[in-house]
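*Asks:* Reproduced below are the annotations present in TrEMBL:
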type	residues	note
DOMAIN	118-218	domain 'Fe2OG dioxygenase'
BINDING	His136, Asp138, His192	Fe cation binding site
Amino acid sequence: MTFDLFADHDLQQPDRLDRIGEQAVVLRGFALPWVDSLLAALTPVLRQSPFRQMQTPGGYTMSARLSSCGALGWTTDHQGYRYSSVDPLTAQPWPAMPEVFLALAEAAASAAGFNTFVPDACLINTYCPGAKMSLHQDKNERCFDAPIVSVSLGLPAVFQFGGFSRSDTAQRISVFHGDIVVWGGVDRLRYHGVLPVKTGHHPLLGEQRLNITLRKAG
Ligand code: SIN
Ligand code: FE2
């Protein structure tokens, strides 16, 4: 037996589901058949509402650059974290949620055991090498009944999946192009984050990790 058997791409067999919590899973390679249509839909979205750097309420500049689509988009500035129906950068509504995002969100949620997931908010993050996302809870949504569906594309990253307080030890889970993490139910408010993305080149996306996170916010 050689270690080649455990190369990254061999982890992405279809239908492989890694359980990371009672109601939290990683669906390995689930988005792979959707990548072309996801990226095609993303282009006009990002033309309308480009990536931008945001400030935390505490005055830090986030290292990942963010955009949104859907009826509600997530933003942060000195006034706090919130969802809004207007993009503060363009003063226009956020771009509409592409159909393919809705379809993938529903399919992934269902594969993870959550039926009838209809997101109204999609946060789009790009991480260049070195960028990270500190441990946080997704709690700006109006209620926590719906799961979070988080699609990883491009460069790999280490996703941290913690407990219900920031200081709880977090699992470190490698996520690759096409993987989807879904968490909801009893795991909905777990702390999570992304360790600094390592330098690399992805054949499709170049020097970046893209993350598309679908939520029911309103
Ligand atoms: C997020 O929590 O908003 C992003 C998570 C990720 O990039 O995987
Ligand atoms: Fe999050």
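Using the three backbone atoms N, Cα and C, a Cβ is placed for every residue, glycine included.
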*Asks:* Among all the protein chains here, how many other CB atoms are within 10 A of the CB of His192 (Fe cation binding site)?
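*Replies:* A 10 Å sphere around the Cβ of His192 (Fe cation binding site) contains 24 other Cβ atoms.
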*Asks:* Grab the pLDDT values for the domain 'Fe2OG dioxygenase' (118-218) and give me their mean, rounded.
*Replies:* 97
*Asks:* Can you count the other CB atoms that lie within 10 A of the CB of His136 (Fe cation binding site)?
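*Replies:* Taking every protein chain into account, the count is 13.
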*Asks:* What does DSSP give as the helix, strand and coil breakdown of the domain 'Fe2OG dioxygenase' (118-218)?
*Replies:* 3 helix, 44 strand, 54 coil
*Asks:* Starting from the Fe cation site formed by His136, Asp138, His192, give every other residue of that chain whose CB sits within 8 Å of the mean position of their CB atoms, in sequence order.
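*Replies:* Near the Fe cation site, the remaining chain residues are Met133, Leu135, Gln137, Lys139, Ile148, Arg190, Tyr191, Gly193.
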